[in-house]
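According to Swiss-Prot, the feature FAD binding site maps to 21-49.
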């Protein structure tokens, strides 16, 4: 069965006569992760997403699968241990998506510096031990000031004392979501985008037994019934819970906005991802990451109460990031006009004073005494003179000394929670993209327990080894496997660059992609084939779905976007049979998204439509 708009109507009709085991609200990474595991276990599963899959938070991250070294700023050892373990699992189950990309960490001797050269080496050694890369080619190492500047000549030299290099992974966040979605759909789940939940249904005993849905394409409403309903809507979690009049649990979300800006690689040349203090003594850090022929940087971390579906980049966001990056790279002199693209996303944070921070924050700093106690414990642990509980005890004692004052946006917990209301609504919230599988595993175990109470019995899969769509590759030899797939594409007539692009984008699905080889007017064969496959197998419903989330044209391929978008619109018009009015509406939406991304309004101009 294909996965396209042509199957969507039939799927919706099927929901009217089906009682599902599990109904998932939300088609970001959390909901997709739950759906993979429930469908694989044989649970009758339906997922409803009000926008495109991954359109909310899950396509707007920093696009890294973090190992979490930032958590060692407060020596949150347990968080780092969990994070690097999950990162390794994600690399196993989706080997064509996360790619190793060692991170440079320049160290400056200035007020509020996160690390000194000594403390960063201790942190990186502990990080490597937890990530199980000690002794490998990805083992961390220190650089002198001169070595750092030899790598990145544009970096600020003043107060630079050296740097460290440690293992991190780049990620294609939206592709990770769609590959999970496709796996669940292949295993029998009904996956429906542009389907907004507008009401919660209850049985005669007041227990949740379904939802009312509004089709965003037709405005028609329908009901879907299920034994278990789980809310996985990220920042929207409290909003969905408000639809349930019987939900007595207090609100738990405190979304913060993160902004990233994209410039041409020639404007900001960095050979590898770089992570540094802002230099503002505000406890925050900023990433600068090369991608395609571009460089992006971020992020901000500010409380957000606006339109969750359309967070925007403000002048204040731009000024903050440009000030920091231009000070760290003084010869770059990036201006607003240099920004080619941008994105703003919401983090689904749970308000919790005890949480580990993400991007720094002025509160909760360890005292020098506490810091030194932890360092000594870690040194002994790395020398195999102490056991891990000794380190954990030192960390716990230090954390207990940290004053629980007003919570800074950057200190709200990235931890997750799973709660069940009195009438049965499950809500899985919080977490990080790296943790999505682990979060889903905990939720699915609870779902299975609830279904067992009603007499159902399911055997859960081992989700640590269950591959996403496209991920059926040997993770230990992924580059060799992708090279072999690229050879197949070359045999099919694609040049080397196009073949490599398709292999890395689609992984083990490439042979199926090649079955969709075609040539649309205005597009080359590579783009035509990718679009044709996405229309049939990836539930692409609009040009924005394809150009922003199934591919990265809008963010990182601006040089060719104008040439590509007309051909994409024309091909989709033929595929869907759009009228001139429908085509014009899609073109308008596409141009609005592009204008928002390239900050046309802030630049004071208008794009031609």
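Keep in mind that glycine also has a Cβ here, set from the backbone N, Cα and C atoms.
With respect to Cβ neighbours within 10 Å, the binding-site residues 25, 41 differ, and 41 shows the lowest count. Residue 49 (FAD binding site) is surrounded by 29 other CB atoms, counting those within 10 A of its CB over all protein chains shown. Cβ neighbours of residue 29 (FAD binding site) (same chain, under 8 Å, six or more residues apart in sequence): 54, 58, 173, 176, 177, 180, 433, 436.
Cβ packing within 10 Å was compared across the binding-site residues 21, 45, and the lowest neighbour count falls to 21. Minimal Cβ crowding within 10 Å, among the binding-site residues 33, 37, is found at 37.
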